[in-house]
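Participant: Sharing the record's features from Swiss-Prot:
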{"type": "DOMAIN", "residues": "1-136", "note": "domain 'RNase H type-1'"}
{"type": "BINDING", "residues": "ASP9, GLU47, ASP69", "note": "Mg(2+) 1 binding site"}
{"type": "BINDING", "residues": "ASP9, ASP128", "note": "Mg(2+) 2 binding site"}
Amino acid sequence: MQEIEIFCDGSSLGNPGPGGYAAILRYKDKEKTISGGEEFTTNNRMELRALNEALKILKRPCRITLYSDSQYVCQAINVWLANWQKKNFSKVKNVDLWKEFLEVSKGHSIVAVWIKGHNGHAENERCDSLAKLEAQKRVKTTT
């Protein structure tokens, strides 16, 4: 299995409000950056959207280390998700995105590593800036 690193971040102005996401995929010395957003969303949804969109790019099963400043995403992947499935996602927020995650993560081995946000982690800072930029693009202005 190829070893891949994924760094992701999500942003929401207002939470909920205009949101953006960004992810960096790294395999050896190759990198791919993706970003996007939605007009009305939350930071947790954008963080998860970043991960799902990154996973969709991968063509074969990989061993993935995910780096995120979202304890919600890291804890869900490492701890909560199996139990959520057993309980049919009862009382779980963002069920649509978690079910999508289960689909796009099939075949992959994923370990999520929490990193402190805004703490000088280069890839996290890049994702944070891109996600904020994507969110700002979706702010509606009144004239």
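Quick reminder: no glycine exception, Cβ is built from N, Cα and C everywhere.
Walk me through where these features lie, including what they touch and how far apart they are.
Facilitator: Within the model, the domain 'RNase H type-1' (1-136) carries an average pLDDT of 96.
Mapped onto three states, the DSSP output places ASP69 (Mg(2+) 1 binding site) in coil. Shown in sequence order, ASP9, TRP114, ILE115, LYS116, GLY117, HIS118, HIS121, ASN124, ASP128 are the residues of the chain, 6+ apart in sequence, with a C-beta less than 8 angstroms from the C-beta of ASP69 (Mg(2+) 1 binding site).
All chains included, 20 other C-beta atoms sit within 10 angstroms of the C-beta of ASP128 (Mg(2+) 2 binding site). Under DSSP, ASP128 (Mg(2+) 2 binding site) is assigned to a helix (H, G or I) in the three-state scheme.
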